[in-house]
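J.: Got a structure here, written out as structure tokens. Questions coming.
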């Protein structure tokens with residue numbers, strides 16, 4: 001499995017393959033397993049359907065590093081539109097944002113300004129912005145930006161962050177985030193990282209996930225545990241029950257198109273579940289990372305290809 005994971009992560013950076021896939025009718029059809037569609041309306045329609053099943057949503061407009069300020073502002077405009085549409089349609093959804101899409105690698109100040117504007121818009125509409133975590137080279141600057149925005153009294157509680165359990169530094173980061181009252185989404189991590197900064201063994205990543213998850217569950221803040229791993233879910237449920245932590249105090253988060261059976265099961269058991277719904281034309285890197293995370297998805301894709 002590690003070989004397959006590395007292969008798919010490498011393919012996620014293959015520009016010719018990405019160009020072919022994103023402009024291919026077959027490619028777009030296959031991506032529909034994990035991507036709601038190409039346009040905002042597609043995402044809002046799927047969001048409504050998921051809400052009707054008793055689940056919360058977070059919406060993600062796909063796209064990563066931009067090269068100009070104009071591109072960053074265009075990406076931000078999509079999110080501002082989303083916040084307005086969520087409010088006007090009374091949907092149960094927040095938004096998930098990558099800072100590289102807001103210009104982080106070109107101009108951190110630009111990205112911070114855009115993220116601040118989104119947090120202000122979210123606060124005005126009773127919503128919330130989740131800043132996604134990317135590769136480890138961007139971890140510190142991402143944390144710094146989120147902390148500064150959260151520290152503004154008028155935006156306190158309008159912005160949160162993602163922490164990855166495969167990074168050695170994550171325990172210290174979570175301790176500080178809890179102390180500052182910042183909401184966290186805990187995930188395992190989907191980028192290829194060197195052994196100098198991340199646990200190479202899945203077993204160590206899992207153990208760290210459970211430890212960090214327990215820290216979050218014990219805190220007074222509402223956090224999200226993002227995983228499809230039933231062992232991680234059962235560990236969280238068991239810990240919460242042993243400490244008499246109410247099910248309304250936290251949520252499980254899962255990706256659109258992955259383990260829908262488990263999503264429904266958790267809702268039936270009375271747990272909060274949030275589904276991460278991505279959309280947009282730049283779906284290829286996200287799609288390949290989903291295959292890297294769970295190579296069993298390849299067999300599903302293969303079946304779809306043979307049906308063409």
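Glycine too: its Cβ is placed from the backbone N, Cα and C atoms.
Since we're looking at a predicted model, the values are computed, not measured.
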J.: Of 164, 171, 253, which one shares the FAD site with 133, 188, 189, 190, 202, 227, 228 in TrEMBL?
T.: 164
J.: Which residues, sitting 6 or more apart from residue 98 (substrate binding site) on the same chain, put a CB under 8 Å from its CB?
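T.: Looking at Cβ-Cβ distances below 8 Å from residue 98 (substrate binding site), excluding near sequence neighbours, one finds 63, 64, 131, 132, 134.
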J.: Among the binding-site residues 133, 190, point out the residue whose Cβ has the most other Cβ atoms within 10 Å, with all shown protein chains included in the count.
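T.: By the 10 Å Cβ neighbour count, 133 comes out on top.
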J.: For residue 188 (FAD binding site), which residues in the same chain are close in space, meaning a Cβ under 8 Å from its Cβ, but six or more apart along the sequence?
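T.: Long-range Cβ contacts: 164, 165, 166, 205, 206, 209, 227, 229.
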